[in-house]
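Asks: This is the structure I want to talk about, given as structure tokens.
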């Protein structure tokens with residue numbers, strides 16, 4: 001009754017909408033799966049933001065007294081005009097970060113400045129040794145400067161740093177066997193909840209401080225007293241840098257998680273719109289098929 005051409009044409013016309021419908025249904029499943037995944041990630045980022053906000057509030061509260069001690073210790077080098085001798089070449093470079101990520105450019109900014117300092121000091125003929133406080137800074141620099149690493153410290157940033165932690169780091173540096181003449185400690189200084197600045201502060205060895213011209217006016221200072229004060233001074237500066245770095249890290253993580261949550265919301269809105277449009281297209285095609293079939297009858 002029907003010709004072969006007519007049957008072939010009818011078969012093609014009948015199968016094409018079914019293929020499109022299957023394709024659209026698969027697309028809807030993919031979109032639904034992506035929406036579910038993004039919503040789960042958004043829950044995680046919001047939770048991490050809340051945790052970071054609580055840790056940031058504590059870190060900022062503890063930073064104020066630590067900053068007083070740190071700036072007081074640094075004032076000694078400034079007021080006494082202590083400088084590293086030009087003929088001495090041993091330099092110690094300390095980078096302060098932590099073991100945890102998801103906090104923006106906190107760790108990479110420290111690594112970038114340390115690499116720049118290493119290049120500058122090496123070009124000036126200095127012998128540079130590195131100390132990494134935190135596993136992140138060690139992971140970044142160890143690939144390119146493994147031969148210059150003196151010591152690296154882990155388990156940093158999981159708990160609020162204490163003066164005891166700074167004392168352990170200072171004691172480890174003094175007992176490392178590397179008799180540096182001067183050094184620098186690089187850390188992120190907290191400025192506001194959305195801002196921090198990578199800073200570098202000087203540190204000096206006991207011999208450098210004792211042989212400074214400005215220290216000669218204090219004839220009655222005992223050598224043991226000066227040694228104890230210098231060790232305490234080093235621990236103070238490390239403690240100050242740890243507190244500054246921790247506060248900067250928590251504020252940066254809070255900002256990063258807030259941005260991630262906002263980006264997730266935007267993606268959810270776009271995918272929801274795409275889902276609705278695709279579903280509407282499927283419904284429209286099904287209605288066209290029904291109407292066309294009814295008209296053919």
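These residue numbers are counts, starting from 1, taken along the chain as shown.
Any Cβ shown, glycine's included, is placed from N, Cα and C.
Keep in mind that this is a model prediction, so the values were computed, not measured.
Found this in Swiss-Prot, in case it helps:
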{"type": "TRANSIT", "residues": "1-25", "note": "transit peptide"}
{"type": "MOD_RES", "residues": "39", "note": "N6-acetyllysine"}
{"type": "MOD_RES", "residues": "49", "note": "N6-succinyllysine"}
{"type": "MOD_RES", "residues": "55", "note": "N6-acetyllysine"}
{"type": "MOD_RES", "residues": "115", "note": "N6-acetyllysine"}
{"type": "MOD_RES", "residues": "115", "note": "N6-succinyllysine"}
{"type": "MOD_RES", "residues": "146", "note": "phosphoserine"}
{"type": "MOD_RES", "residues": "154", "note": "N6-succinyllysine"}
{"type": "MOD_RES", "residues": "154", "note": "N6-acetyllysine"}
{"type": "MOD_RES", "residues": "197", "note": "N6-acetyllysine"}
{"type": "MOD_RES", "residues": "270", "note": "N6-succinyllysine"}
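Looking at the shown structure, can you explain where the listed features end up?
Replies: For residue 39 (N6-acetyllysine), the same-chain residues lying six or more positions away in sequence with a CB closer than 8 A to its CB are 264, 268.
A helical conformation is recorded for residue 49 (N6-succinyllysine) in the three-state DSSP classification. Taking a C-beta cut-off of under 8 angstroms and a sequence separation of 6 or more, residue 49 (N6-succinyllysine) has the following same-chain neighbours: 254, 257, 258, 261.
According to DSSP, residue 55 (N6-acetyllysine) is assigned to a helical segment.
The Cβ neighbour count for residue 115 (N6-acetyllysine), using a 10 Å radius over every protein chain in view, is 15.
Look at residue 146 (phosphoserine): DSSP puts it in a helix.
For residue 154 (N6-succinyllysine), applying a Cβ distance below 8 Å and a minimum sequence separation of six or more within one chain yields 99, 134, 135, 138.
According to its DSSP assignment, residue 154 (N6-succinyllysine) is coil.
The local packing around residue 197 (N6-acetyllysine), expressed as other Cβ atoms within 10 Å of its Cβ over all shown chains, amounts to 12.
Counting only residues at least six positions away in the same chain, no Cβ atom sits under 8 Å from the Cβ of residue 270 (N6-succinyllysine).
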Asks: When you rank 115, 146, 197 by Cα distance to residue 55 (N6-acetyllysine), which of the modified residues ends up on top as the closest?
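Replies: Out of the listed candidates, the nearest Cα belongs to 197.
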Asks: What does the structure give for the C-alpha distance between residue 197 (N6-acetyllysine) and residue 146 (phosphoserine)? Integer Å is fine.
Replies: 26
Asks: Which has the fewest other Cβ atoms within 10 Å: 55, 146, the modified residues listed?
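Replies: Checked 55, 146; of these modified residues, fewest Cβ neighbours within 10 Å: 146.
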Asks: Check residue 270 (N6-succinyllysine) against DSSP and tell me helix, strand or coil, would you?
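Replies: In the DSSP reduction, residue 270 (N6-succinyllysine) maps to helix.
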Asks: Please report the Cα separation of residue 146 (phosphoserine) and residue 115 (N6-acetyllysine) in Å, rounded to an integer.
Replies: 12
